[in-house]
């Protein structure tokens, strides 16, 4: 502030020298000759101006006569903008190359932002040239109006009143503040143009700002006028397209006491728990709103429109800094570098005129005569302006909006430059008669640059200008408007410059429901798409897009887990050789194979002894080999399965035990024949032990081979099984298909039947005294085999795929071990510890078929 005062003092010190410098040395030499008539200037071409110089002070509802309207409270902001128009006209008249030889004049009247006030100057502007009447004609093509174009009015509410009238005459109307999008409709308002962006662009900017911070639960409040209604409508439509939900929408009355309505609005906003409020409101409505916000100690993010964003009436509300965070929009700031110097000179000249008048009566402007002002003078008291009033020129709101008035006047001047055929030195059509509708045609196409800013109009009469995004920031209770970004079709924002009202200055949250996590979709509750429950995507479905309301089914041959965002091809696992389970079974198989090898070596060394001959002789070697093959076939369960492996897996593991069980059954038949039919045994024993046993073994093995062959024939290759598998998993254990189950049951059931018959044959067999009990070995070996597989069946049915393979491998290994341990180990024990018993006498019953002794102890 001190620097500012110093700058003003320096300007005042140097101003006389600036003003009296030669014209060639200083472009502002013309300031010494400016008129002190604030609202009227004669000229060859007259422009009309409509500005809210005063504010309403009477109650319109109590009006009994048309003229019972009183606007007695000065609006310094409106007056300042009227002075900008005077400045622009004076500058144009002193710019020799724009309208050379042609003087531009103006007439400015007060709109008071009231329909009953603005209608009078509107009709005056439309009156016939050099008169005060509007003629009724059939054709207005050649009708010359009092003014050629109108600058203003300032609000959409006022334009909705004047726009249709000016459009009838196709008189150019260039507003410096009306932003309602409905004026872009050239069917209804063909002569309307503006130098501020429309509310549609502002609504787009607000929507982009809301999206920038991820807010989707917004309250929207407008003032109950054309500006507020259209602004709320535009924002709501654009927000809906971007999936932003309007939690609450309301309008604040401006023509009646708004306190009750504002109280209800704030209560509703609190109920919705919306943390962000968009305000498309006029200053009077905004002031009423924030006054109660402060009383209720509410805090929120307030997104403000240009109508009140920089208003001193709002910034000076006591406690305004407690309402939360304010993010507001302002027209692009283009400074008028010479306007402040112009105002200083103007106010200085006004002071000098008052001093010269030297009258004790209230001063009046000498030029303010009834002749010059067909309507009441816009501001009789403005004759008292002085240097003390320079503060209104330096207001931030004026500094940021003055260019819109300035460019409005210059756009008409550039249109006249083209229409009059002007060069840098003269206007060729200076004396030609032309009409306002001709100016409009040229005005729509003007394109020029002033103050480094290009000014053009699109087909809807809207300018090529964007917005600045500001935040209100207090430094030691001094308000500063911090520029945080711009919007010109695209939002550019510096988020680090924003000081949020929340703890730790975190971005506030304003959502109806928290965001769903990955793999969840929204189930809308109520009427708003932003209010939802998060539903997990089940297995076999996935979240395709973050905004989905329903999970998407996986494509064929793919699957997903719970709460997935994509489907995947299935992954197959199998028993690997290095798994702990596999290593344990391999170790067990190696030990069993080692035992079988030891038995085989021992039997081979004693192959001619009575014990080996009685136990089966060569058949024992075949049985050991088959049991060894059974252990080795466990390897078919390990590693990645394939078609060939799966075809051999179950048949091998069924066939090898069948060979051993067939041999045991053949031996058990010998035992039962020797013990139950001793009379005929000696003569037929050789046949039974030789060709007969081999015939039994071959026959039973052939049956098992047939069952295995049928199983292989009926089964499907693994590749076909996998290709037809119904995918309901992401990962699974892949094992060979056990199909058909009938074949699987017949193969293993046949082995169980062999073991069961052998058990029954030897369980009741007579035990020969003082001789080796071969029946006992068969009984226990087949019993062990049957117990293992009987226990295996119920366990197997309740297991998972991998555990089924492990259980079957364990059953095969245990049954194999049971046969070896129960049938062969007792004989090995006798060979190693009691070799003296390995005699013909000790095995005579089984070798010769002789009746067993009737006394003595059984071994």
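Using N, Cα and C of the backbone, Cβ positions are placed for all residues, glycine too.
The shown structure was predicted, so the numbers you read here are calculated from the model rather than taken from an experiment.
Taken from TrEMBL, the feature signal peptide covers 1-21.
Confidence over the domain 'G-protein coupled receptors family 3 profile' (581-847), given as mean pLDDT on the 0 to 100 scale, stands at 86. The domain 'G-protein coupled receptors family 3 profile' annotation in TrEMBL covers 581-847.
For 583-604 (among others), the entry in TrEMBL reads transmembrane segment.
Annotation source TrEMBL lists transmembrane segment at 616-639 (among others). Long-range Cβ contacts of the transmembrane segment (616-639) within its own chain (Cβ-Cβ under 8 Å, at least 6 residues beyond either end) map to 574-577, 582, 585-586, 589, 592-593, 596-597, 599-600, 603-604, 607, 645, 648-649, 652-653, 656-660, 663-664, 666-667, 689, 693-694, 697, 735, 805, 808-809, 812-813, 816, 819-820, 824.
Summarising the annotation, TrEMBL assigns transmembrane segment to 654-674 (among others).
Annotation comment: TrEMBL describes 694-712 (among others) as transmembrane segment.
Long-range contacts of the transmembrane segment (748-766) within the same chain: residues 654, 657-658, 661-662, 664-665, 668-669, 671-672, 675-676, 700, 703-704, 707, 775-776, 778-779, 782-783, 785-786, 789, 852, each at least 6 residues beyond the stretch ends and with a Cβ under 8 Å from a Cβ of the stretch. Marked as transmembrane segment by TrEMBL: 748-766 (among others).
What TrEMBL records for 778-799 (among others) is transmembrane segment. Sequence-distant contacts of the transmembrane segment (778-799) (same chain, six or more residues past either end, CB-CB distance under 8 Å): 657, 661, 664, 667-668, 671, 748, 751-752, 755-756, 758-759, 761-763, 807-808, 811, 814-815, 818-819, 821-823.
Beyond the transmembrane segment (805-825), the same-chain residues lying 6 or more positions past its ends with a Cβ under 8 Å from any Cβ of the stretch are 575, 581, 585, 588-589, 592, 595-596, 599, 603, 620, 624, 627, 630-631, 633-634, 637, 653, 657, 660-661, 664, 733, 735, 777-778, 780-781, 783-785, 787-789, 792, 795-796, 799. Under the heading transmembrane segment, TrEMBL lists 805-825 (among others).
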